[in-house]
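Lifted from Swiss-Prot, the feature list:
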- 44-51: disulfide bond (DISULFID)
- 97-212: disulfide bond (DISULFID)
- 229-234: disulfide bond (DISULFID)
- 1-36: signal peptide (SIGNAL)
């Protein structure tokens, strides 16, 4: 029987492709793996007691999800701006994200020179920082009349995949830096604005939330891509 850590890695791989249109390129390669999860995964055969999913595969999946979420977040920003952006004054558009307290590299070049341990912590902290905002955003969009179905679908998908992604990144982190403790993540305090009876207040809250989500999703993908290239290969 494969060890618990291997089972968690295998379960995460299967979770990536369940219940979503995401990762069509990965579905075929993982279908047999997921169907056979009661037995040893294909890469565990003849390796009883010491099986691990290849690190390259873990990074491939994580970066694919992160890239997908980043693109979805960008699409959400564009769709929201097209529908509501003109009704928001320039002063309200000033963005102060709740994750601004997390000190991140100022550029990709600076990120490339940042230690692995720090990049892992940044990714995990950023992902956890969006647990509550995404939950409330999806709830409010679902309960609001006139919400674009496409906008709601994108928000739901990002929420689902962000949860899967953070699990996967933690699996990778434990493989590379076992025993490493992560930093506390910032608390989101904009729920009252997101649920306000004032339509303008709500629109500004969603505007800021979507723009911050896009910013952070891009950072997450960039950091994971750097880690992948540094620790495995950039070719896939």
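All positions are counted from 1 along the displayed chain.
Any Cβ shown, glycine's included, is placed from N, Cα and C.
Feature map: annotations from Swiss-Prot on the structure.
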| residue | record | Cβ within 10 Å |
| --- | --- | --- |
| 97 | disulfide bond | 19 |
| 212 | disulfide bond | 23 |
| 229 | disulfide bond | 14 |
| 234 | disulfide bond | 11 |
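Distance from the CA of residue 212 (disulfide bond) to the CA of residue 229 (disulfide bond) is 26 Å.
Across the fold, the C-alpha of residue 234 (disulfide bond) and the C-alpha of residue 212 (disulfide bond) stand 27 Å from each other. Under DSSP, residue 229 (disulfide bond) is assigned to a helix (H, G or I) in the three-state scheme. Reduced to three states, the DSSP call for residue 212 (disulfide bond) is helix.
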